[in-house]
Amino acid sequence: MSTPSLKKGAPLAEGKRETFSSRKLFILSAIGSAVGLGNIWRFPYVAYENGGGAFLIPYLVAILCAGIPLLFLDYAIGHRYRGSAPLAYRRASRKAEVLGWWQVLICFVIAIYYAAIIAWAAMYCWFSITKAWGDDAATFFMEDFLQVAPEAGVSLDIVGGVFGPMLGVWLVAIIIMVAGVNKGISRANGIFMPLLIVMFVILVVQSVFLPGAIDGLNAFFTPNFEALQNPGVWAAAFGHIFFSLSVAFGIMVTYSSYMKRKSDLTGSGYVVAFANSSFELLAGIGVFAALGFMAYNANSAVGDVATSGIGLAFIAFPTIVSAAPFGSVIGVLFFGSLVFAGLTSLISILEVIVAAFQDKLGWNRKSATLVVTVPVAFISMVLFPTTTGLYLLDTMDAFVNQFGILACALVIVIVFGAGLGMLPRLAKHLNRHSSIKLGTGWMVLVGGVGPAALGYMLINEVQTKISESYSGYPVWFNGVFGWGMAGALIVGAVLMSLVPWSKKSKLNDPEFEEHQQKVEAEELPDPVGKEY
Ligand code: PFF
């Protein structure tokens, strides 16, 4: 399909809004955001628990029917309305601004605890050299390193060994953010992502040669086709892919608003999704090979040692590092990978927050970044390097993912699909700016399959979280930091959307008006009448 209004060399309507200087850098940054802790410590276990090799079927279905279509929705909104989440949604419809602020606040909650995990991983990189945990990695992690209080609560007892590295993580993140989209985000991804890939590939190769690795791989890949009859397995696949591709965080809306007008949206999306899944699969191989070795060493079954998340990274892996030949190398590579994967995801969520304030208040990059990130870092440093930080992190993570991201994604697909009826217009925009064209199928997936899958998962989650106290923590604790926090995000979002846009804000940006005229011209009914 031709794009008549995009004459070569015509001035682009970017204005002062920064753009990624090349499509490659956009793709790299989007992959940097998508490839995070979820790929390394979540995917392998989710796949193993939900049918092993057979999980690939629901996983692929979930990617094609929901992950990629929703990724395209994010791209279309960000690129068409050229703004941070609140601004882009507001330009789409006045009432939708609140959804953008909801995403900004979700990103705020994730950022404050994500930095803590990156800091732990950085310390464990160091600890790997001397295997500082001795022969009891669990006690070392809980008691010596985090000094976790016996009961969930809130204490302001700072743990020095976590505070220092967290300060370091925040300094690095703030420096990258202040430098902006090209000098900061693109450059950081340009350095960290190749490093991550090289380190991770070496780690996987080293792991598959460990004794017992083959048992781990068998456990991971052996298909259990019966699992496919269980709806929970399908829900796990859909739930994982939304998180893994970073859709509905506001990240992809923000990043795609920095893409040049003449871009290839769907082509880039497929590259990002393919790269993200390839990395996950590789992680599955590396992690399960290492777990196979751990089981072999402990003379137990792989199923007895397999776990995910914090337990996998900070308890199982240190145990593997202690026992494996060249264990310290495994440790440095594994924890180094967590740091790089985590940092590139952290800067992407910080960008959602910074861009939102920059647009609403009309501040320059440096001021907006400092005014936003310094308080965020401060809150993070008060809450998480404490003796109760682990409890807070656990509860906030569980609730913000389910009742933040999942719920927000559901509302967005309903609002943009059935509510505003904007899918045909967005499909048209995608097709104007893409190499791979979409058909009506995309609208059916976003407007139909998306809400159905998200709605099903959300209902399931509400039921489990109501029926049992999360992680066995006291009711008041989950009430305040789980349910209360999730509710506060919505109230906060409504309040933020009521704050008037500053005169200097980007709402009435003349550059956008020019862009708008061009895209509106493109949206006129097609003379051929075939494509949207
Ligand atoms: N796609 C990311 C992951 O798999 O870890 C999700 C993510 C989490 C993105 C946290 C950004 C972030 F800060």
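Just so it is clear, glycine is given a Cβ too, placed from its N, Cα and C backbone atoms.
Residues annotated as transmembrane segment in TrEMBL: 25-44, 56-77, 98-123, 158-179, 191-214, 234-258, 270-296, 332-357, 369-393, 399-423, 435-459, 479-499. Annotated region 'Disordered' per TrEMBL: 509-532, in sequence order. TrEMBL lists 509-521 with the feature compositional bias 'Basic and acidic residues'.
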Recorded stretch that, among 25-44, 158-179, 332-357, has the most CB pairs under 8 Å to the transmembrane segment (369-393)
158-179
For the transmembrane segment (435-459), what are the same-chain contacts with Cβ under 8 Å, counting residues 6+ beyond its ends?
1, 62, 65-66, 69-70, 72-73, 231, 235, 238-239, 242, 264, 266-267, 270, 402-403, 406-407, 409-410, 413-414, 416-418, 423-424, 427, 531
Do the transmembrane segment (98-123) and the transmembrane segment (191-214) share at least 3 Cβ pairs closer than 8 Å, excluding pairs fewer than 6 residues apart in sequence?
no
The transmembrane segment (399-423): which same-chain residues, six or more beyond its ends, come within Cβ distance under 8 Å?
70, 73, 77, 92-93, 96, 99, 102-103, 106, 109-110, 239, 242-243, 247-249, 442-443, 446-448, 450-451, 454-455, 457-458, 461-462, 465, 470, 478, 481-483, 485-486, 489
Output the single range from 25-44, 56-77, 234-258, 332-357 maximising the number of Cβ pairs under 8 Å to the transmembrane segment (191-214).
332-357
What is the number of residues in the compositional bias 'Basic and acidic residues' (509-521) that are helix, strand and coil, as DSSP sees it?
12 helix, 0 strand, 1 coil
Within this structure, do the transmembrane segment (234-258) and the transmembrane segment (56-77) have 3 or more Cβ pairs under 8 angstroms, counting pairs 6 or more apart in sequence?
yes
